[in-house]
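Asker: Got a structure for you, questions after.
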Amino acid sequence: MPDRLPDQTADGTSRRLTDRATDPITHPATHPATHPKGAAPEARPAAYGRGRRMLKAVGYGLLFAAPVTFLAFVVQQKVTPVLDIDEAAIAEATEVTRTNEVLRELLVMWQEATQPKWVYIAGTLVCLWIWRRHHLKTRALWAFVTMMVAWNLQLVLKEVVRRARPIVSDPIEQAPGYSFPSGHAANAAAAATILTLLVWPVLSERAKPWVTGAAVAFALITGLDRVFLGVHYPSDVTAGLLLGVGLGIASYVGYLGWNPASQDAPLPPEGTAGPEPHSLNPQPPEESDDDER
């Protein structure tokens, strides 16, 4: 009879226990996988995907920048067909406003309510709400910074193009500064786009179409307000809307490309437990009595 059983080691312990403790398949955490020499690290696909998303953001930016640049060129070069359309539209729109006192008062009220300072104060409050209530800090920061960029970008473009305001024989309202692009339209479109994207993860499925519709209506009404008050040409408003929407979308795509793992979903309500994180150093399972038999 042999001195020890085949399943026992020299000290009499179970061979299955010693084999199990050193088996890389049973306990992968104790034997981390190694890449073959010269193999690419796992971070490479993530970096490649991030680069593609950033290029996509640039593509969106160029898509919206092209028509804005074209309109800027047209108005600077005083292309006659476009100028004729602008002048005719201003004449018709201001005539409608001039003959309707109620409409005129509503348009003036809307003009004051949509001043960029009020729009962005409201937008900043929404950013703070998303940050504090839903804990989406980086998302709120993205929205705030993008709105500030939009506010200043349209001011820079005004100085570059330097288009004069419409000249109306019987003006309804007077506005300072240059005309292209419409600052009210650009800021309204930017704020509507950015804030809609900001709150999207916390909206219910029923609320999403309503919020989208309200954002579109807000931007369009603001643009029409500028034309019917005679302070902007239709081409100014068109460029402003394209600028605001394009900047918002391109910036958001870039934000997702820079931070694809961002927390785009709100945290669970207070008092509820979220999913437990996986242990970074899992312990091997406890041995049962059956393993020693």
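Numbers run from 1 along the shown chain.
Even glycines carry a Cβ here, placed using N, Cα and C.
As listed in TrEMBL for this protein:
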type	residues	note
REGION	1-45	region 'Disordered'
COMPBIAS	13-22	compositional bias 'Basic and acidic residues'
TRANSMEM	57-75	transmembrane segment
DOMAIN	137-252	domain 'Phosphatidic acid phosphatase type 2/haloperoxidase'
TRANSMEM	140-157	transmembrane segment
TRANSMEM	185-203	transmembrane segment
TRANSMEM	210-231	transmembrane segment
TRANSMEM	237-258	transmembrane segment
REGION	263-293	region 'Disordered'
Asker: Restricting to CB pairs under 8 Å, which listed stretch, 57-75, 140-157, 210-231, 237-258, is in contact most with the transmembrane segment (185-203)?
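Answerer: Stretch with maximum Cβ contacts: 237-258.
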Asker: Taking a Cβ cut-off under 8 Å, which residues six or more beyond the ends of the transmembrane segment (210-231) line up next to it in the same chain?
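Answerer: Non-local partners: 89-90, 93-94, 96-97, 103, 107-108, 110-111, 114, 165-166, 168, 171-175, 179, 182, 184-185, 188-189, 192-193, 195-196, 199, 203, 237-238, 240-241, 244-245.
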